[in-house]
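Participant: So TrEMBL says this about it:
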- Gly121, Pro122, Pro123, Gly124, Thr125, Gly126, Lys127, Thr128: ATP binding site (BINDING)
- 113-254: domain 'AAA+ ATPase' (DOMAIN)
Amino acid sequence: MPRTLWRCCWTNAVQHARIHNNIKTTTSRTRGSPQINALVCNKTDVQEKEVKKFDGTGYDKDLVEALERDIISQNPNVKWDDIADLEDAKKLLKEAVVLPMWMPAFFKGIRRPWKGVLMVGPPGTGKTLLAKAVATECRTTFFNVSSSTLTSKYRGESEKLVRLLFEMARFYAPTTIFIDEIDSMCSRRGTSEEHEASRRVKAELLVQMDGVGGASENDDPSKMVMVLAATNFPWDIDEALRRRLEKIYIPLPSTKGRVELLRINLKELELAEDVDMDKIAEQMEGYSGADITNVCRDASLMAMRRRIEGLTPEEIRNISRDEMHMPTTMEDFESALKKVSKSVSAADLEKYEKWIEEFGSC
């Protein structure tokens, strides 16, 4: 579908959803827990949600505090426009997650939403940013979870942590649970990494995912719990989990995407007139978003390195702000490109594309 037509359809769908459901959104500060910013998306006028402190009766107090401190965050405030490129991935995430919250009556039966979404792709391509954009768009509480938090922070308590995570997610619903590096806790059966403890954690995660209430089940988007997961190693993920998740490929940025990423990274930097972003983007084919950020950072430091070369610590401290006002040049970018290599090999890229062709949606 042409991009302009898609945007038109998306805008109309959003307007229809808001008119049909009479949705308005307001930010609501959580009482009793200043770390949480719970926002509600109801079919009627949204009122402040009275959120009490989660009752962790039956759980170790340290476990509850660990999740509240390390996992629950404020609404991340990341917009779709803050993410360069990835238009296909954005479209699929909107269809899989956002629209079911806005139009719960429509997404029933055969249209019912997935239990979650698995974002697959090389490291540094924007998977975490996309998850935050989903949470922002849906006005949900955002749980940012690393597999290492659930599997190693409290040895022997991993199953309880998984169960507690989902109980808290239901309590603070609507909620987006983002599980990064999910392959490390849900590896395929029969692998050397799998042991009895990991099997129990995996089983608990599957049980909890089967029990989360989607908007399509209770017709109330304010009670929705959506699981978003990310992995750099999709071929290592357990088949049972893979079947429960819609798979979306997050690729390396295109040429246009690389130009957008350069503009985002360099928007506060003074550039010399000879800087040609299109040329720089062409030279960065195969670079991830994180690689591009590293190139920009290194280039931005080149002028400073030249200025302080050979100076004593005292002389460096006495350099005025005006003396440090030096634009970044095309030569600086050329030097940075020689130092910062792309982090994804052609062989790895081919492996991702082959996997997503077999199992994915994008």
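From the backbone N, Cα and C atoms, a Cβ is placed for every residue, glycine too.
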Participant: Between the binding-site residues Gly121, Pro122, Pro123, Gly124, Gly126, where is the Cβ count within 10 Å the lowest?
Facilitator: Pro123
Participant: What is the pLDDT of the domain 'AAA+ ATPase' (113-254) when averaged and given as a whole number?
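Facilitator: The predicted confidence over the domain 'AAA+ ATPase' (113-254), as a mean pLDDT, is 82.
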Participant: Treating G and I as helix alongside H, and B as strand alongside E, what does DSSP give for the domain 'AAA+ ATPase' (113-254) in helix, strand and coil?
Facilitator: 67 helix, 31 strand, 44 coil
Participant: Give the sequence-ordered set of same-chain residues, not counting Gly121, Pro122, Pro123, Gly124, Thr125, Gly126, Lys127, Thr128, with Cβ within 8 Å of the centre of the Cβ atoms defining the ATP site.
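Facilitator: Here the nearby residues are Met119, Ala230, Asn232, Ile250, Ser288, Gly289, Ala290.
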Participant: State the count of C-beta atoms found within 10 angstroms of the C-beta of Lys127 (ATP binding site), not counting that atom itself.
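Facilitator: 26, counting other Cβ atoms within 10 Å of Lys127 (ATP binding site).
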Participant: List, in sequence order, the same-chain residues at least six positions removed whose CB sits under 8 Å from that of Thr125 (ATP binding site)?
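Facilitator: For Thr125 (ATP binding site), the qualifying residues are Leu86, Ile250, Pro251, Leu252, Pro253, Ser288, Gly289, Ala290.
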Participant: Would you count the other CB atoms within 10 A of the CB of Thr128 (ATP binding site), including those on all shown protein chains?
Facilitator: 17
